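Over in TrEMBL, the protein carries these features:
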{"type": "BINDING", "residues": "A:His127, A:Asp150, A:His152, A:Asp154, A:Asp242, A:Asp244", "note": "Mn(2+) binding site"}
6 protein chains.
Amino acid sequence: MSFQYLNPRASPKFKDRYTTKADESRLFYEKGRKGDIGVVGLPFSKSSISFSMASEAPKTIRKALGAFSTYDGSRDRDFSEVVWLDYGDVQTHPTDLEETLHRLKQSVTDMIDTEACSRYIVLGGDHGISFPSISAFQKKYGRVGVIQWDAHHDLRNLDDGGRTNGTPFRSLIEAGVLKGEDLVQIGIRDFSNAKAYSDYAKEQGVRFYTMGDVERQGLDAVVAKEIERLKDKVDIIYLSVDMDVVDQAFAPGCPAVGPGGMTSRELLSSVATASRHTLVKAMDIVEVDPSKDVRDITSRLAAHVMMRFMYQ
Amino acid sequence: MSFQYLNPRASPKFKDRYTTKADESRLFYEKGRKGDIGVVGLPFSKSSISFSMASEAPKTIRKALGAFSTYDGSRDRDFSEVVWLDYGDVQTHPTDLEETLHRLKQSVTDMIDTEACSRYIVLGGDHGISFPSISAFQKKYGRVGVIQWDAHHDLRNLDDGGRTNGTPFRSLIEAGVLKGEDLVQIGIRDFSNAKAYSDYAKEQGVRFYTMGDVERQGLDAVVAKEIERLKDKVDIIYLSVDMDVVDQAFAPGCPAVGPGGMTSRELLSSVATASRHTLVKAMDIVEVDPSKDVRDITSRLAAHVMMRFMYQ
Amino acid sequence: MSFQYLNPRASPKFKDRYTTKADESRLFYEKGRKGDIGVVGLPFSKSSISFSMASEAPKTIRKALGAFSTYDGSRDRDFSEVVWLDYGDVQTHPTDLEETLHRLKQSVTDMIDTEACSRYIVLGGDHGISFPSISAFQKKYGRVGVIQWDAHHDLRNLDDGGRTNGTPFRSLIEAGVLKGEDLVQIGIRDFSNAKAYSDYAKEQGVRFYTMGDVERQGLDAVVAKEIERLKDKVDIIYLSVDMDVVDQAFAPGCPAVGPGGMTSRELLSSVATASRHTLVKAMDIVEVDPSKDVRDITSRLAAHVMMRFMYQ
Amino acid sequence: MSFQYLNPRASPKFKDRYTTKADESRLFYEKGRKGDIGVVGLPFSKSSISFSMASEAPKTIRKALGAFSTYDGSRDRDFSEVVWLDYGDVQTHPTDLEETLHRLKQSVTDMIDTEACSRYIVLGGDHGISFPSISAFQKKYGRVGVIQWDAHHDLRNLDDGGRTNGTPFRSLIEAGVLKGEDLVQIGIRDFSNAKAYSDYAKEQGVRFYTMGDVERQGLDAVVAKEIERLKDKVDIIYLSVDMDVVDQAFAPGCPAVGPGGMTSRELLSSVATASRHTLVKAMDIVEVDPSKDVRDITSRLAAHVMMRFMYQ
Amino acid sequence: MSFQYLNPRASPKFKDRYTTKADESRLFYEKGRKGDIGVVGLPFSKSSISFSMASEAPKTIRKALGAFSTYDGSRDRDFSEVVWLDYGDVQTHPTDLEETLHRLKQSVTDMIDTEACSRYIVLGGDHGISFPSISAFQKKYGRVGVIQWDAHHDLRNLDDGGRTNGTPFRSLIEAGVLKGEDLVQIGIRDFSNAKAYSDYAKEQGVRFYTMGDVERQGLDAVVAKEIERLKDKVDIIYLSVDMDVVDQAFAPGCPAVGPGGMTSRELLSSVATASRHTLVKAMDIVEVDPSKDVRDITSRLAAHVMMRFMYQ
Amino acid sequence: MSFQYLNPRASPKFKDRYTTKADESRLFYEKGRKGDIGVVGLPFSKSSISFSMASEAPKTIRKALGAFSTYDGSRDRDFSEVVWLDYGDVQTHPTDLEETLHRLKQSVTDMIDTEACSRYIVLGGDHGISFPSISAFQKKYGRVGVIQWDAHHDLRNLDDGGRTNGTPFRSLIEAGVLKGEDLVQIGIRDFSNAKAYSDYAKEQGVRFYTMGDVERQGLDAVVAKEIERLKDKVDIIYLSVDMDVVDQAFAPGCPAVGPGGMTSRELLSSVATASRHTLVKAMDIVEVDPSKDVRDITSRLAAHVMMRFMYQ
Ligand SMILES: [Ca+2]
Ligand SMILES: [Ca+2]
Ligand SMILES: [Ca+2]
Ligand SMILES: [Ca+2]
Ligand SMILES: [Ca+2]
Ligand SMILES: [Ca+2]
Ligand SMILES: [Ca+2]
Ligand SMILES: [Ca+2]
Ligand SMILES: [Ca+2]
Ligand SMILES: [Ca+2]
Ligand SMILES: [Ca+2]
Ligand SMILES: [Ca+2]
């Protein structure tokens with residue numbers, strides 16, 4: 001009879017026996033354990049240009065998964081069997097930012113070297129984490145194509161501030177990790193970039209679509225077309241989702257919010273479209289700063305982005 | 001001259017002589033007094049699965065009516081003559097939740113037994129209040145058809161937690177108050193339900209429409225079609241509006257917010273469509289938790305739902 | 001049986017039959033009705049130098065009374081028999097501030113002309129309301145002594161901005177309503193005033209005590225001494241309590257907060273000391289801005305100030 | 001070497017050498033200096049019917065410009081050469097509201113009399129500032145056409161409260177400054193106005209479009225049609241943008257928020273459409289109350305409204 | 001080299017090798033494991049009279065321990081060897097409050113029946129949890145003396161609302177679990193209780209001290225005197241710390257805040273005084289509602305109360 | 001007549017001609033300009049162990065000075081003639097923290113090399129800035145004595161995290177800039193440090209006083225005694241005020257808040273005591289994180305600390 005209502009290691013939470021919450025299909029990684037999706041957190045945002053607590057997002061996004069279930073009503077399918085393996089969050093260094101970048105890359109490498117899963121999600125952190133993350137994937141898998149949802153190019157020069165959250169794709173291109181032509185940028189917004197970087201993108205062959213382009217061509221169509229273009233050139237496609245691609249009314253918890261962005265539905269639908277392709281094996285979600293959010297709605301949206309990727 | 005600027009019983013508020021605010025056409029119920037719409041508050045949310053102060057909503061929604069006028073510009077009609085009779089809020093019991101459910105049902109019965117109005121609005125509270133409320137209407141009026149705006153089925157089993165806000169329609173069906181086929185659910189969302197309850201809905205003949213269905217078929221069309229289907233079978237149609245059917249960006253003040261829901265305009269238009277039908281005699285509005293809201297925008301939206309129902 | 005749990009005019013609230021909350025001994029003023037303490041709200045703060053919503057305080061302070069009981073445990077006395085008559089809040093004018101000052105004075109006059117109570121409380125608003133309020137009392141009762149709890153002199157010149165919340169006592173002195181020697185200022189704070197106004201206070205014979213003076217001489221002693229001095233000169237003593245006399249940690253909801261002020265206990269004890277004297281017949285409480293408060297603690301403190309005045 | 005990292009007069013801010021932020025193309029007005037757009041702030045909202053800190057908006061909107069760049073990606077054009085001349089904010093009077101209205105008009109006059117720019121932006125404040133502002137433009141330029149984005153007519157009678165933020169266009173019409181037929185109102189919302197004022201608008205020949213009209217006819221089409229109608233009658237067209245025309249989910253920082261309004265994109269697109277016409281020489285932006293906002297998103301939207309006007 | 005920076009089960013946190021945080025000396029209870037202090041959470045506040053999320057406090061108080069170290073500088077002693085055994089939090093029932101009370105008592109019984117520790121801490125929850133908690137201790141250990149820090153008597157009648165957070169000590173006395181003379185109440189506040197309950201306390205022989213008594217007699221002296229009085233009569237002394245005994249400025253996160261209470265230092269010093277006595281074997285901490293707190297300062301204070309009890 | 005109410009470069013603010021606000025006696029440093037107190041901001045907190053926006057404090061503290069006047073009522077002295085020279089805030093580097101430490105030291109050196117003032121204030125930032133700041137002073141002035149108000153020793157080892165805000169005095173001692181015996185630490189708090197660092201302090205001859213010591217010996221007495229001890233040994237005394245020495249109720253805006261600290265009055269009085277000594281020529285104020293504050297009360301307190309230093 002005793003210890004019926006107490007479990008020293010678990011938080012008590014209401015459980016409906018017929019419902020599986022998305023955080024219930026998580027297992028913690030252990031040597032030898034297999035899963036479907038590997039998840040790692042890169043809680044790093046000290047190199048953001050503006051002040052950011054995006055380092056807190058891996059925690060809040062995981063928590064938000066506990067508010068949703070594994071059942072997709074539209075397709076009448078339950079994904080409770082899809083296991084996500086949690087590799088935890090990387091320990092960063094308080095003052096040595098270079099060391100931290102090294103740790104991030106090493107830890108993503110550690111995760112994918114386990115070969116325990118077929119697909120992976122990397123939770124930022126600011127967009128700066130895409131540099132070490134994509135570098136790790138490229139080293140393991142070969143040529144990488146990237147589809148970046150973002151209001152910004154993130155192709156700033158490296159001299160004015162070093163490797164900030166405004167530079168990851170510049171860093172990748174300059175380091176030879178990523179070819180410009182293998183990078184697709186979707187949702188680029190007016191009054192949020194500079195001509196010099198738009199020009200750089202063109203020089204490097206980066207394919208980018210402004211919000212106006214997206215409105216005219218259709219978001220799902222753009223995604224489908226670009227995957228088609230990439231699929232014979234690259235070994236793996238990596239989705240990089242900067243949540244500020246979404247309008248500030250739908251994603252208030254991003255450091256660089258502004259009007260004129262996508263709706264939540266547009267983002268979710270296009271991520272689902274992309275995730276259905278077999279080459280798409282990795283995704284990062286970045287630029288969610290929970291301290292700036294309203295009712296965690298940006299983290300909840302990020303959790304749905306995860307589910308759209310995982311549950312295909 | 002004296003007491004020109006003081007009224008001991010009323011809060012001083014700016015008054016434009018040509019404008020009628022929606023709270024100015026309220027009368028407090030007294031024996032023998034008649035009105036158009038009866039309104040009662042069921043300030044109860046202790047049986048919510050997650051923590052909820054939806055019990056505060058009857059106050060904030062009424063207050064929000066004071067921010068809007070009775071004039072519908074689109075139709076160039078002023079509804080200042082439409083009187084809503086306020087029956088007040090039910091006194092709940094601090095610790096005896098069964099007793100409280102009894103009081104809620106008795107009080108709704110008390111209201112409709114006055115026969116002072118032709119239509120009624122019940123302000124929750126969490127969705128658990130629909131069980132006693134619809135039970136009271138069914139007893140008075142006979143067979144009830146229900147149109148439920150909701151992201152969730154609310155058909156959970158009663159064993160895991162008793163009569164919570166996740167169970168009202170299960171309770172109604174099991175108690176024989178409501179036939180499954182007389183229940184229409186609109187706005188059911190992905191990753192927000194369980195397969196077991198979707199299956200239960202189908203077994204019981206519940207008609208439900210996911211957000212995907214709604215997008216394909218059109219929300220107003222769905223509502224019109226279902227009222228047409230119900231109208232010869234039932235004696236009364238009751239609208240049950242769970243505000244979490246609306247997207248989290250438009251209704252942040254609900255306990256169970258998430259992305260991918262309706263817009264405000266979609267909800268308001270479909271409620272108006274339904275309210276025009278003469279069989280539609282009752283409505284509840286539930287799951288507004290003012291303590292979680294931003295600038296009371298969810299209560300304001302609920303006030304507009306009330307006005308769309310009242311001003312037809 | 002019916003309408004057992006519904007009262008259309010009253011908010012349902014838990015009631016313990018043996019406890020009287022301080023808002024339960026309120027009656028609304030009606031012609032001919034008598035009480036012990038008359039209370040009127042002057043919801044005006046548009047003339048504040050800095051932005052202020054002190055106009056909301058009459059509502060929040062009254063509400064705070066509902067959180068406390070009429071029983072003073074220290075003296076083992078229950079004051080549930082002490083009736084406070086609520087005269088309501090003055091209707092102000094949106095754009096004509098002179099007209100509003102007129103209404104405030106007229107309404108205080110209306111209240112005291114009822115002669116329904118022996119003592120009165122005036123709830124501001126900003127400190128500007130003391131000018132019309134004290135003027136009304138002076139006209140009715142004759143020579144007025146004022147004890148002002150305040151971090152500031154409130155003796156600013158009238159040329160730079162007119163009758164703001166920085167000028168009430170200057171206005172009263174210049175209008176001949178109040179003699180400088182009949183004004184006592186307690187809690188004057190460093191770095192919160194100007195030498196010119198300190199000099200003006202001295203010229204006019206105002207007695208003022210800085211926080212340093214208060215620490216050295218004792219707050220209760222200062223109050224007792226000054227009442228003794230005033231008692232044979234004046235017809236009535238009026239307490240004017242600017243809540244910013246209290247330290248910002250204890251009263252964060254004042255527009256002009258700062259460190260180095262009184263504690264809550266010091267304020268309450270000294271108000272009680274003053275209120276015991278029979279000449280003390282009126283009090284105002286000003287400069288509570290509920291929009292800036294934390295958990296309404298400043299309004300709660302103001303409610304205790306009211307109770308210390310009422311329950312002697 | 002010394003003073004390399006210190007600049008006593010400027011706030012240190014990260015600078016990317018290839019990016020121009022919209023606040024970097026500002027110059028402060030000095031005698032003789034020329035620019036493209038003149039900007040003045042009218043920080044006044046004391047005459048608002050409901051409580052408003054819209055007087056803070058000139059500061060927050062200017063600051064929001066610092067979050068965006070001068071580069072319009074859709075058109076691949078950089079507007080860093082477009083100089084906006086900042087004339088500062090008007091010093092208002094704490095208690096004399098008539099005097100303040102005089103100062104507002106005089107200051108707008110002062111600005112346009114410099115003839116230093118070809119177009120002007122006036123930052124409110126509440127909508128009451130449009131009365132002095134438009135009066136100044138009319139006196140300088142002759143017959144004025146006004147396109148007003150607003151949920152409300154703002155044609156209230158002047159007897160109930162004087163010149164509040166509900167009356168500017170009534171004041172203008174009654175003062176003979178503006179002809180009814182030269183006023184276009186877009187976005188008028190249900191349950192937000194009174195029949196009397198709708199009737200008044202019709203009597204005066206005001207052209208107004210409800211949200212329903214806008215949905216049916218298209219917002220850009222309405223704007224284009226009305227500019228076409230006005231262009232041969234008036235000497236100048238003035239845009240008056242009350243941000244509450246936008247839905248509460250997109251512009252939570254307005255005093256009178258409600259559901260059923262425009263999206264951000266709709267507002268921005270229609271302002272851009274209007275701003276392309278050469279007769280459009282002035283704009284005001286009003287009713288942003290930063291104290292009620294969420295993450296400054298309403299101020300950010302207002303900054304984009306400015307940029308859509310400036311960068312054509 | 002691999003997995004150097006990743007630990008799937010632990011949150012990464014900065015670690016100084018020479019510092020032990022108070023949460024680092026926690027072990028989770030397992031069968032057979034021993035410790036010094038047993039800690040269990042009773043996350044229950046649904047029976048509060050006013051709305052309360054005190055059920056969240058066990059989480060926030062434990063987390064607050066992570067902000068402090070085990071080193072007491074005043075005594076130059078490090079308590080890193082003192083192990084607290086965490087038994088977890090009780091699973092409550094969503095709708096059956098009687099069942100929940102049963103679970104709370106059973107779970108406290110489960111904990112103390114392990115006999116794994118010599119002293120115990122029970123984290124509420126609202127004060128209602130003291131009824132099942134003290135009942136469990138009394139059954140195990142015999143006659144219980146209770147020292148209650150509280151602004152309130154908590155001796156309300158059980159008819160008006162059942163077993164709320166206003167009744168635990170009434171329930172204990174009426175159930176014969178606790179003798180009135182074995183109950184000591186410290187910090188009882190004016191205008192926060194009713195004469196009827198003060199009278200009841202006297203009839204039952206309860207020893208209570210108002211804030212005035214405390215000021216006159218000294219808090220530590222009162223505690224010492226009462227422990228001396230109890231020590232030969234009872235088998236165990238249980239401390240019941242209602243955090244609202246502290247002034248609202250120091251403990252804003254309590255549901256029933258008010259002015260005139262203890263300072264933090266007074267509470268901590270008196271708890272330390274009591275905890276030094278060997279008969280003092282148990283403590284509960286109640287009425288911390290983290291949702292109402294400011295910067296978790298009330299939870300932090302509660303963590304210090306825990307440390308003062310543990311580290312003697 | 002024109003431009004009477006507009007000043008393009010200044011924010012309009014109410015001005016009382018007889019009052020000088022503490023920000024009005026500021027001049028911006030220019031070559032050759034002299035003043036009394038030099039002030040520089042070191043807006044750096046990226047090296048904080050826990051997340052900190054203390055980098056925003058130089059702005060908010062300066063702004064808080066605008067809320068207070070230069071008149072000290074206790075001494076009846078106006079300090080409006082005391083000029084503080086503002087050297088601005090140092091431009092930090094987004095990602096190179098070593099470079100930033102270099103810039104901080106260089107900029108403090110730049111300031112004091114101007115020899116424009118006799119005393120200096122350095123506004124942090126986190127406590128990490130004291131390492132470069134004190135280093136600069138030591139190089140210029142010779143042997144430095146430091147009086148540190150702090151709940152913490154800040155003597156952590158440098159291996160676990162590098163030069164964080166927990167290490168400045170360790171860094172100074174190890175670099176030979178500061179002798180242990182020349183360091184005085186006041187307000188050290190229980191459960192906030194580690195034995196290893198207390199031991200290190202003793203080994204190095206650091207004089208430290210816990211809150212218990214302070215209560216027993218008197219804060220002003222401790223300060224006076226230690227200045228007496230230092231005065232013949234050192235060339236300059238530098239005050240380092242970590243605002244977390246104050247209790248969390250009085251200074252909620254510090255990253256590491258906790259109970260049991262000083263009151264505001266105690267801090268202010270002891271800083272005044274110290275500042276009167278002629279050897280005291282410099283002060284830093286650190287660990288104010290405005291994003292965590294309540295009504296800026298911690299910044300306001302910091303402004304008073306500045307005034308107590310400046311106005312002696
Ligand atoms: Ca990005
Ligand atoms: Ca971005
Ligand atoms: Ca529901
Ligand atoms: Ca729902
Ligand atoms: Ca005052
Ligand atoms: Ca004052
Ligand atoms: Ca308007
Ligand atoms: Ca409007
Ligand atoms: Ca209690
Ligand atoms: Ca209590
Ligand atoms: Ca420190
Ligand atoms: Ca510290």
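Note: Cβ is positioned from N, Cα and C throughout, glycine not excepted.
All TrEMBL annotations are machine predictions without curation.
Overlay of TrEMBL feature records on the structure.
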| residue | record | Cβ within 10 Å |
| --- | --- | --- |
| A:His127 | Mn(2+) binding site | 32 |
| A:Asp150 | Mn(2+) binding site | 25 |
| A:His152 | Mn(2+) binding site | 25 |
| A:Asp154 | Mn(2+) binding site | 28 |
| A:Asp242 | Mn(2+) binding site | 27 |
| A:Asp244 | Mn(2+) binding site | 28 |
**Request:** Reduce the DSSP letter at A:Asp150 (Mn(2+) binding site) to three states and note it down.
**Result:** coil
**Request:** Starting from the Mn(2+) site formed by A:His127, A:Asp150, A:His152, A:Asp154, A:Asp242, A:Asp244, give every other residue of that chain whose CB sits within 8 Å of the mean position of their CB atoms, in sequence order.
**Result:** A:Gln148, A:Ala151, A:His153, A:Asn165, A:Val245, A:Ala256, A:Val286, A:Glu287
**Message:** Near ligand 12, meaning Cβ under 6 Å from any of its atoms: which of the binding-site residues A:Asp150, A:Asp154, A:Asp244 fit that description?
**Reply:** none
**Message:** According to DSSP, collapsed to three classes, what secondary structure does A:Asp242 (Mn(2+) binding site) have?
**Reply:** strand
**Item:** Distance-selected binding-site residues near ligand 3 (C-beta under 6 Å), from A:His127, A:Asp150, A:His152, A:Asp242, A:Asp244
**Value:** none
**Prompt:** Just checking: which of the binding-site residues A:Asp150, A:His152, A:Asp154, A:Asp244 have a C-beta under 6 Å from ligand 1?
**Reply:** A:Asp150, A:His152, A:Asp154
**Message:** DSSP secondary structure for A:His127 (Mn(2+) binding site), reduced to helix/strand/coil, please.
**Reply:** helix
**Request:** Consider only the binding-site residues A:His127, A:Asp150, A:His152, A:Asp154, A:Asp242, A:Asp244: which of them have a Cβ under 6 Å from an atom of ligand 6? Write none if no residue does.
**Result:** none
